[in-house]
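Feature annotation from Swiss-Prot assigns transmembrane segment to 16-36, 342-362, 369-389, 396-416, 440-460, 472-492, 537-557, 863-883, 888-908, 911-931, 968-988, 998-1018; the stated evidence is sequence analysis.
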Amino acid sequence: MQVLPPGRTGGPSRLFIMRPVATTLLMVAILLAGIIGYRFLPVSALPEVDYPTIQVVTLYPGASPDVVTSAITAPLERQFGQMSGLKQMSSQSSGGASVVTLQFQLTLPLDVAEQEVQAAINAATNLLPSDLPNPPVYSKVNPADPPIMTLAVTSSAIPMTQVEDMVETRVAQKISQVSGVGLVTLAGGQRPAVRVKLNAQAIAALGLTSETVRTAITSANVNSAKGSLDGPARAVTLSANDQMQSAEDYRRLIIAYQNGAPIRLGDVASVEQGAENSWLGAWANQQRAIVMNVQRQPGANIIDTADSIRQMLPQLTESLPKSVKVQVLSDRTTNIRASVRDTQFELMLAIALVVMIIYLFLRNVPATIIPGVAVPLSLVGTFAVMVFLDFSINNLTLMALTIATGFVVDDAIVVIENISRYIEKGEKPLAAALKGAGEIGFTIISLTFSLIAVLIPLLFMGDIVGRLFREFAVTLAVAILISAVVSLTLTPMMCARMLSHESLRKQNRFSRASERFFERVIAVYGRWLSRVLNHPWLTLGVALSTLALSIILWVFIPKGFFPIQDNGIIQGTLQAPQSVSFASMAERQRQVASIILKDPAVESLTSFVGVDGTNPALNSARLQINLKPLDERDDRVQTVISRLQQAVDGVPGVALYLQPTQDLTIDTTVSRTQYQFTLQANSLEALSTWVPPLLSRLQAQPQLADVSSDWQDKGLAAYIKVDRDSASRLGISMADVDNALYNAFGQRLISTIYTQANQYRVVLEQDTEATPGLAALDNIRLTSSDGGIVPLTAIATVEQRFTPLSVNHLDQFPVTTISFNVPDNYSLGEAVDAILAAEQSLDFPTDIRTQFQGSSLAFQSALGSTVWLVVAAVVAMYIVLGVLYESFIHPITILSTLPTAGVGALLALWLAGSELDVIAIIGIILLIGIVKKNAIMMIDFALAAEREQGMPPREAIYQACLLRFRPILMTTLAALLGALPLMLSTGVGAELRRPLGIGMVGGLMLSQVLTLFTTPVIYLLFDRLSLHLKRRFPRQEEEA
């Protein structure tokens, strides 16, 4: 019969050791909860941390940027500026379109923001032009967020106007109804319309004006209430043929009579079915297409949204004619799924490596099975808590679980090693489990809570970076906490049932060889440790030098914000001279497209030319380049971008700007390159003075690449200067002049054709093919007060001037954005420093305000808080350790291990050519929590030896180091191998995972070597200091 230790032996583990059935069932419950939770967890690339963002688009065809700014954007901005919770408001006013982007505070629900935006639009309605074709339309979408899915609709048999009509009514509306979809845009602008092209000479010969034609059309095509007849027996609804539906109907329309003969519209104009806007076009590869871009709502799960669209597509395409082909050209979820799969594989690999290292040290199958059960149980149990907290399976949470693999096994290893030690001394398994678990319980609690304490500052990081890493920190903390519970319950219970003196003594050739090897290693370590303890000041000097080296490396290592990911999609902007026409721009775009499609890494391409809510100017073309899957191409995205830019450099008159799409989108504007810097002023004149010199200086900086500005003030404008006195004498008002010009050159939407499914427009313009350019103004005719026809040139002169192609505002003030990339041999930190130096050298006046935007602004914010984040982690850990040890001194001894981890991590990043970005900083903070466990295990046993066996401090710490050498080495290697798959990652999303693995592997390798020697030395030095203080202040010590 086994003699059990006293009832108090075993600590918190005693109940679970003595009740194996209850313990087993409790663990099964945790396992089942985790498995069920996993099935309900959504999948995404990163935690959902989007700012609530709403875009408001107002179209005013034919209006110049100045008119759009003053008549539409400014009234809207004044109302939007009064909304509570608004973080930033930016706007872009271009020819015919106003786009206002509203970014709200993270804490404001998107639905609340939507209500405020709608109220502001309603308040501004009376201030907007009365002839707006449509009121402002808002969408819950961030315009800078790349589409989650891009579809191309093509047909070789049906006109594109009919294709767009079918897509808009049958496909786009249904996709818009999918939960999570924020906006569906149809690039290509081929909405059906009846186009009326006036023949200026024919109208003039008949003594008519364009205003006469416009009035006749609007009066002839109406759709209004007519009432009903209600008689004694029945009611009759009234209707009439007041609607004209086809181009032929309009062609036969009588617009005037002369000498008793009718003048029909077809006599003075060509009337045909066409597109509502003839200056828009989209292409899929090199085929004319309607390109459908689907963007998600901020905060919506991208995987769920894309899956819903995929399920719906077959049914939607069945409703289209067979000649209409719908092709999915890009789906961001493909790379997201691949990235998550790669991370899941690395997680499984980490578990396998950790179990392998356990067997290598324990050399016993039953002893290996125990932590082999504890690791997956701790990780799977975490899924249940993640569901409760509304987390998702994403790259960061999977990275947390991968790193946790090395953490969670530590507790089980420490418990097993301690229980095995007593069994090898001859204790019975049950007694050894009670005694070993009770002895190690405080160490497990210290390890767990001190490690969780390191993660606490991550929960208080501000802004979007804090939200981003909250899931990472909480997931890791939960896994560590569950691991501690498992290690104090299931692990000792399994040790009591599965381990025995015979099983531990049973050895094969490998076991005997490895045992001899470890004994020799421990003996060598013991000899070196004795020498180190005899030279404490030299060792202390080494420890202090690591602290100094950490500070030096921290200052000089290149710094970045977030790794640039290879998601297989490149966003591009093609820039041409500011006065380029639509036809010329379309031709240049086709030349560039043919070059891009020849690249072996490119799978498909979509491009768009024209001005609408997504493209600000006619001299810009938008491109989306879809690359082949990573395993089907030889080069990463940055290499492909460099190659494409070099190839396009040979095309005259264009500049191509490219940037890879990212899962993390902080910007609210679509810029040409990755990072933005803004200049804001009180007037456009101030910007025109200071933008060119700053731009030229930045373009000369080697730390910057692809520097460009959205400041475009060299667009050609015809300024019509009316002699108001002459016009007034003839009875011609400025409204008459504006109407005549708008009728001729504005693609004016003058009437609406209503059908059961949709509404179509009648577009009025002047045929300028015979008289292109400024000569077309000679054909403009006005009606005087006496009914005479007056040429515009009789009362006005025309001057050619330059004008901005668009007017941009930031928080209601004029702004220009300078975009830039960072060359491969420089970091974002160096680029930011170069921009700030260039700014200081120019000595801007006080009315010029500068600011980084988007990722570069977040980088500045994160860089400023990084040092405080590390300090907060150290302070939090000191407080927890001080409370646990009831000592001011011992926590300092434990924390003395931290500089070695910092040196190792920073050196590894520097040697690997990686930047110190937020991912790497998280790794360093985790190292703070990991490396101190070596000191905790040493100090716990040294203090116990001093207290219970009366050993002197030197002998106690020496024996503790030798006794704990094997579990220290085992746990460190387990943590290192847990991070190794991340460091060696090569698949999709590897850019995100690799910095974390590099920093942790480097830090663990160096700290493992140094802390085995520096910790005992510092322990003895602080012990001497403590004794000195006790002798110096005995009364205070007694009172304490």
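Here the Cβ of each residue, glycine as well, is placed from N, Cα and C on the backbone.
When Cβ distances are compared across the two stretches, the transmembrane segment (369-389) makes no contact with the transmembrane segment (911-931), since fewer than 3 pairs at least 6 residues apart fall below 8 angstroms. Remote same-chain residues near the transmembrane segment (911-931) are listed as 403, 406-407, 450-455, 457-458, 465, 469, 472, 476, 554, 557-563, 827-829, 862, 866, 869-870, 873-874, 877, 897-898, 900-902, 904-905, 972, 975, 979, 992-1000, 1002-1004, 1007, 1011 (criterion: CB distance under 8 Å, separation of at least six residues from the stretch ends).
Of the two recorded stretches, the transmembrane segment (472-492) lies close to the transmembrane segment (16-36), with three or more CB pairs under 8 Å once pairs fewer than 6 apart in sequence are set aside. Long-range contacts of the transmembrane segment (396-416) within the same chain: residues 46-47, 340, 343-344, 346-347, 350-351, 354, 358, 361-362, 367, 370-371, 374-375, 378-379, 382, 386, 436-437, 440, 443-444, 447-448, 451, 468-469, 471-473, 475-476, 479-480, 482-484, 486-488, 491-492, 495, 499, 926, 930, 933, 937, 967, 970-971, 974-979, 981-982, 992-993, 996, 1000, each at least 6 residues beyond the stretch ends and with a Cβ under 8 Å from a Cβ of the stretch. For the transmembrane segment (998-1018), same-chain residues at least 6 beyond its ends with a Cβ under 8 Å from one of its own Cβ atoms are 403, 525, 528-529, 532-533, 536, 539-540, 542-543, 546, 893-894, 896-897, 900-909, 911-912, 914, 920, 923-924, 926-927, 930-931, 934-935, 938-939, 957-958, 960-961, 965, 968-969, 972, 975-976, 979-980, 982-983. Counting same-chain residues at least six beyond the ends of the transmembrane segment (342-362), those with a Cβ under 8 angstroms from any Cβ of the stretch are 368, 371-372, 375-376, 379, 395, 398-399, 401-402, 405-406, 409, 413, 416-417, 420, 514, 518, 966, 969-970, 973-974, 977-982, 985, 987-990, 993.
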